[in-house]
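Read the structure below first, then the notes.
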Amino acid sequence: MAPYFLRNLIPQKEKRRGGRPLLEVLASLTWIQWAMFFSGWLAWTCDAIDFFSVSLSVTRLQEQFGKSTHAITTSITLTLLFRSLGAVIFGIISDRFGRKWPLVINLLIVSVLELGSGFVNTFNEFLAVRSLFGIGMGGIWGLAASTALENLPVEARGLASGVLQQGYAVGYLLAAVIYLYLVPETPQTWRSLFWCASGISAFAACIRACLPESAVFLRAKEIERAKGINRSAKRKTQIFFHETKEMLKTHWLLCIYAVLLMTGFNFLSHGSQDLYPTYLQTSKGFSSHNATVATIIGNCGAIAGGALAGFLSQYLGRRLTIIIFVVLIGAFIPLWIIPSSFGGLSAGAFWIQFGVQGAWGVIPIQLAEMSPPAFRATFPGVAYQVGNMVSSASAQIEATGGENMKTTLVQNGKTTIVPDYAKVQGIFIGVVAAFVIFITLIGPENHSSHFEKHKTAFEEGAGRDEAMIEDDEVPVPSEKVPGSSNASVRVDEEKRDSPA
């Protein structure tokens, strides 16, 4: 008698029937599949390095431009606001034309704008570049997730989702290490962090350019060639927009739900990360060095939590795993904000990020399986970035809260009144965690969906969820398609030999 969303919390056994053991699946992956996953992971890692370059440099940017913390966080807000536009632009281009070159171009744009961020001389110039930068960043996640996951077998996607998402934590960690060891040693200080990030993004673009197109798009081209179909680019674009319209008619409620889900998740991550170094330095009296080390420790927890949660979600279900890890966040909020010692606060950072990024580790595969299958780049990417847009004021909300909630800090026998970021962040994350549990609980789950067997968005009928590619439609490709299984390349000889 329980509602369906409760009965569906744990995936039914038949959904995993016939699945191979994880180690066997990993051993069977080709180097192309590994490389495609790595390229998606690296792109997402670059996104994090680029974004957190600002969060880590808040105090130095204050000195450079003579602005308050609240003013500097405006650049973070603008970046998050414009990411939605980038998600729409690059998501549509990717679902229409393929994964490869849109992601390469996207990474190159990010590289150029990150390089430009290190050359600005005024605060207005910095805000303008970071706004444009948001458009470039907005496209990365949807393209990276679709590239990484759709070329892997179903049995590996839970673990892959967790590892992929923690490219974000790895990026934050790398940015923190660069900030810790490179920035103090160079006369350009914070600018050297942005220049270094630019080079890493350019490297990621080169890696993706050397790899083939995603398997689903290669397969679609083979089917057209085998059937003698020769649609013009204009006609394919017309079909794409028609199928997009049909998808929106059917899934408008799902679109709203996905935005609400990602709003909660983005508040959760940005609320616990964006001002964390500032919180440690301002409210706890940490040096810049110790605050950065604590940030690194927190990101180690994030990496561990994301990988574990992704793996568990393959067996416990996507939503139940998310709920478990968000409950863990609530349990560790006191350890995150109450201690004053480096050891206590570092432990709090580790376990909070273990929970936050553990829950986040399920999101790439949860959104991919939930999405209308033909729109796996546009739908998750736009939902993710619109949620980012709604949560874009996280840092400013916390900065404003700190201006209105004060506490005392005693250092070297001297008492100073400082913003109480600990209390602000504790209240903020507690409320957001409760919302995430609720919105996850009432939502859908399509565990172990075979979305890779669906038609691409420029094929007729792709807007319908049941528009699957039948085995006998798929010709033997002229070159090995990465990620294809034996079942996906069987051929109906009669169709293949017919004049059509």
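Backbone N, Cα and C atoms are what each Cβ position is placed from, and that goes for glycine too.
In TrEMBL, annotation is done automatically, which means it is predicted and not curated.
As annotated by TrEMBL, transmembrane segment applies to 21-44, 71-94, 101-120, 126-146, 158-180, 192-211, 252-271, 291-313, 320-338, 424-443. Summarising the annotation, TrEMBL assigns domain 'Major facilitator superfamily (MFS) profile' to 36-447. According to TrEMBL, the region 'Disordered' annotation covers 459-500. What TrEMBL lists as compositional bias 'Basic and acidic residues' is 490-500.
Segment contact holds for the transmembrane segment (252-271) and the transmembrane segment (424-443), given three or more CB pairs below 8 angstroms at sequence separation of 6 or more. By the Cβ criterion (distance under 8 Å, sequence gap of 6 or more), the transmembrane segment (21-44) is not counted as touching the transmembrane segment (424-443), fewer than 3 such pairs being found.
Looking at 158-180, 192-211, 320-338, the range that has the most CB pairs within less than 8 A of the transmembrane segment (291-313) turns out to be 158-180. The domain 'Major facilitator superfamily (MFS) profile' (36-447) scores a mean pLDDT of 87 in the predicted structure.
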